[in-house]
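*Asks:* In case it's useful when we look at the structure, here is the feature table from Swiss-Prot:
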type: BINDING; residues: 15; note: Mg(2+) 1 binding site
type: BINDING; residues: 17, 186; note: Mg(2+) 2 binding site
type: DOMAIN; residues: 12-193; note: domain 'Exonuclease'
type: DOMAIN; residues: 202-350; note: domain 'ExoI SH3-like'
type: DOMAIN; residues: 356-471; note: domain 'ExoI C-terminal'
type: SITE; residues: 113; note: site 'Interaction with single-stranded DNA'
type: SITE; residues: 124; note: site 'Interaction with single-stranded DNA'
type: SITE; residues: 128; note: site 'Interaction with single-stranded DNA'
type: SITE; residues: 142; note: site 'Interaction with single-stranded DNA'
type: SITE; residues: 148; note: site 'Important for interaction with ssb'
type: SITE; residues: 181; note: site 'Important for activity'
type: SITE; residues: 214; note: site 'Interaction with single-stranded DNA'
type: SITE; residues: 257; note: site 'Interaction with single-stranded DNA'
type: SITE; residues: 299; note: site 'Interaction with single-stranded DNA'
type: SITE; residues: 365; note: site 'Interaction with single-stranded DNA'
type: SITE; residues: 368; note: site 'Interaction with single-stranded DNA'
């Protein structure tokens, strides 16, 4: 679909700043978003929300230094994560919204899913329901650099490799980006990069807009013909110009979102010899990945294009060994046994190992909630702030575990005796003497490292005091309820 014909569509550019890098374990500190029409005219005003962390969490000191956002600041000007999640969910669930970030597919979207999961909101519907979709400007910019670099300034690192950092790209192209690692500033910069690409490369912009959804991407893929397509990804690295020719060979028999393909830049004969010699019982994922088997997640907006997009001058510029690709393709087509062997191997291996530990925050990807489970989750929202009276034992056990943590974090007065005991034990594990010593030593080392940097020292001292305050406040909240 031509983007100009979709007049009801809006873009929502967004960004998080966080207290750490792990989407399941770390917490958000700031969210910002701007909504625009398809011509990048801003609708309404920028939305900015700060979020203070729950008491069972230690912010990463280095992340605080990067963003300049301290937990003290968020406690003064922010909301708790439950209120934070509800506000974001209401923005994301507006129909016909394309939700866009910069490296959001692998970072911000993962934080979104986990934030919604912890707070009884659907982790996935926001990105596909009611005509919604998602898109990543970093991947689009990378595709632009690989395919049609003319007209955009490409900054360089010290080793002369291209830099796709948001701050560097913005500076090189006269895009205002006042404060790096500030969500509001990053959002404006991301929007203007999208605008730049659409102005300079309208055909490329429209092509990848059309093929941003799983449904559209599937039309580019034929696993039966063994015809190659071009794949552009950070996976290949700047050394390989982020590009390779791949051959789709089959759909993963367990996860239908995974396209199993062969990388034609690798030694295909080695792959064939390996599967001829080895029983599937002696094969593992690491080995096949190193040899050139590629898993492409079609629900993550991969950059896939027909081979005819690559012109002769592109092959020369990108130093593509086209003869190698052709020879490997001939080999593959002569050895159709590989497809059967791969399928048998993939069927013999269970799904990716599920997390079986006690921390429910890490269990989002263990499985989808059922339709019945999702109805229970909706009921939790509708009955709050009263305590819902449901026999959680009848449902997915994660719901009960999440609910106990939810009450402990936001309504500790509602905990019964056994739940309170669980909460205290969890807290004592996180804030054990050894953990606190290690954490405080890390802060002290950073204070020494940045002793001449007033801002950093102030942030670290605030963090030191915050930990003391949190420990004191936790004990108070438990023993006064």
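Cβ atoms are placed via backbone N, Cα and C, with glycine included.
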*Asks:* When DSSP is mapped onto helix/strand/coil, what comes out for residue 17 (Mg(2+) 2 binding site)?
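*Replies:* Assignment for residue 17 (Mg(2+) 2 binding site) reads strand.
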*Asks:* Tally every other Cβ atom lying within 10 Å of the Cβ atom of residue 186 (Mg(2+) 2 binding site).
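*Replies:* Other Cβ atoms within 10 Å of residue 186 (Mg(2+) 2 binding site): 26.
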*Asks:* Average the per-residue pLDDT over the domain 'Exonuclease' (12-193) and send me the rounded value.
*Replies:* 96
*Asks:* Roughly how many Å lie between the Cα atoms of residue 142 (site 'Interaction with single-stranded DNA') and residue 186 (Mg(2+) 2 binding site), rounded to a whole value?
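*Replies:* So the Cα of residue 186 (Mg(2+) 2 binding site) lies 18 Å away from that of residue 142 (site 'Interaction with single-stranded DNA').
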*Asks:* For the domain 'ExoI SH3-like' (202-350), give the DSSP counts of helix residues, strand residues and coil residues.
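*Replies:* Going by DSSP assignments, the domain 'ExoI SH3-like' (202-350) contains 74 helix, 27 strand, 48 coil.
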*Asks:* When you check the domain 'ExoI SH3-like' (202-350) against the domain 'ExoI C-terminal' (356-471), do you get at least 3 Cβ pairs under 8 Å, counting only pairs 6 or more apart in sequence?
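*Replies:* Checked: the domain 'ExoI SH3-like' (202-350) vs the domain 'ExoI C-terminal' (356-471), no contact.
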*Asks:* Should any of the recorded positions 17, 148, 214, 365 have a Cα within 10 Å of the Cα of residue 181 (site 'Important for activity'), which are they?
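*Replies:* Candidates kept after distance check: 17.
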*Asks:* Measuring CA to CA, name the entry from the recorded positions 15, 148, 257, 365 that ends up nearest residue 128 (site 'Interaction with single-stranded DNA').
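*Replies:* Closest by Cα: 257.
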*Asks:* Quick one: give me the count of other CB atoms within 10 A of the CB of residue 148 (site 'Important for interaction with ssb').
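*Replies:* Excluding its own Cβ, residue 148 (site 'Important for interaction with ssb') sees 17 Cβ atoms within 10 Å.
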*Asks:* Residue 113 (site 'Interaction with single-stranded DNA'): which of the recorded positions 15, 124, 186 have a C-alpha within 10 angstroms of it?
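*Replies:* Those near residue 113 (site 'Interaction with single-stranded DNA') - Cα within 10 Å - are 124, in sequence order.
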*Asks:* Round to a whole number and give the Cα-to-Cα distance in Å for the pair residue 148 (site 'Important for interaction with ssb') and residue 214 (site 'Interaction with single-stranded DNA').
*Replies:* 24
*Asks:* Name, in the order they occur in the sequence, the residues of the same chain whose CB lies under 8 A from the CB of residue 17 (Mg(2+) 2 binding site) and which sit 6 or more residues away.
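*Replies:* Those within reach of residue 17 (Mg(2+) 2 binding site), by Cβ under 8 Å and sequence separation of 6 or more, are 28, 29, 30, 67, 69, 181, 182, 183.
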*Asks:* When you measure from the Cβ of residue 128 (site 'Interaction with single-stranded DNA'), how many other Cβ atoms are you left with inside 10 Å?
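*Replies:* That number is 14.
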*Asks:* Specify the count of other C-beta atoms within 10 Å of the C-beta of residue 181 (site 'Important for activity').
*Replies:* 17
*Asks:* Of 113, 142, 214, the recorded sites given in the record, which has the fewest other CB atoms within 10 A of its CB?
*Replies:* 214
*Asks:* Tell me whether residue 181 (site 'Important for activity') sits in a helix, a strand or coil according to DSSP.
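*Replies:* SS state of residue 181 (site 'Important for activity') = coil.
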